[in-house]
Amino acid sequence: MDNLTVFTEFLLMDVTASWELQVLQGVLFLVIYLGALTGNLLTVTVIVTDTRLHSPMYFFISNLALLDLSSISVIVPKAIMNSLTGRETISLKDCEAQIFLYLLFAVVEIALLVVMSYDRYVAICHPLHYGLIITPSLCSQATAGSWASGLVYSAVHTGALFRLPFTKTNVIQQYFCDVPQILRISSADVQVSEFVVIVVSVCITLICFKFMCFSYVNIFSTVLKMHSKEAGNKAISTCTPQLAILLLFLISGLVAAFSPIPKKPSLKNLLTAMFYSMVPPFMNPIIYCLRNREINAALQRMFKRYSQITVKGFLE
């Protein structure tokens, strides 16, 4: 038998030609990460501290913010450290953990988006039964089910992807461990098993998307039939942020799925990866703050309380 080299670490993509550009890339990643960190933590804080937002819809929004914070934290801090220190490697175990966690948070987010669409469907199409259907126990069960489905899927997907050693190459043309890149350097047996997992995943995702489309079509149909324009505008205002986040998630997912797998480093591939891995967690809290009246009002109340406490403490 020929001697095979089994790789235990991977080389990550480097599109920068100089140390200065590499530091600039790290600073850009840091600014985006701090923006996403601040926005999502602020969203969670205002929902937890403001009793007016203690409802099922905002419970799911706070969970979504935590997921966005977690998903970007899986990838970006490591990329920042590599850019600022000049390192271009990641160990096999770190790569495996990165893929497992990133898939986990992505699947849980899809499941929560489905649950949130059902929550809005019941609230707008069956408002009299909302309190009977969307109960605190149902919210807890839906969230637990979302996490359980994410754990199962992520464990199966990651286990199938890393079940055999890597002997082809250890070069990943990406700044993090991306599934298509790992699949590209995997053995033929792993590629076959992953193809089955991906096909099943696509089928499940299409079912979820069909359910969300059904919910939102019924919502807009009900809104169009409302006699009160004010009630219709209020109903739409609670749905538009979720629709915007859903569209952003779908667009980023499509970009990730249909972008050609790069075989050499380029600025285009870096920007594409940044779009689907960083933009949704960064933009989601901005969408909620701009489009959701209740969160906007709660933020104003929180900042007003904070400024009053600060001024009072300064005068004393």
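A Cβ is built for glycine as well, from the same backbone N, Cα and C atoms used for every other residue.
Sequence annotations record features per position, and here TrEMBL assigns domain 'G-protein coupled receptors family 1 profile' to 39-288.
Note on the transmembrane segment (23-48): residues 15-16, 54, 58-59, 61-62, 65-66, 68-69, 72-73, 76-77, 79-80, 82-84, 274, 278, 281-282, 284-286, 288-289, 295, 298-299, 302 of its chain, located 6 or more positions outside it, place their CB under 8 angstroms from a CB of the stretch. Annotated transmembrane segment per TrEMBL: 23-48 (among others), in sequence order.
Under the heading transmembrane segment, TrEMBL lists 60-80 (among others).
According to TrEMBL, the transmembrane segment annotation covers 100-118 (among others).
Residues or ranges marked as transmembrane segment by TrEMBL: 195-223 (among others).
Here TrEMBL flags 243-261 (among others) as transmembrane segment.
Summarising the annotation, TrEMBL assigns transmembrane segment to 273-291 (among others).
The transmembrane segment (195-223) shares more Cβ pairs under 8 Å with 100-118 than with any other stretch in the list 60-80, 100-118, 243-261, 273-291. For the transmembrane segment (100-118), same-chain residues at least 6 beyond its ends with a Cβ under 8 Å from one of its own Cβ atoms are 57, 60-61, 63-64, 67-68, 70-71, 74-75, 142-143, 145-147, 149-151, 153-155, 157-158, 179, 205, 208, 211-212, 215-216, 242, 245-246, 249. Residues 64, 109-110, 113, 117, 173, 180-181, 184, 209, 212, 216, 269, 272, 275-277, 279-280, 283-284, 287-288, 291 of the same chain sit 6 or more residues outside the transmembrane segment (243-261) yet have a Cβ under 8 Å from a Cβ within it.
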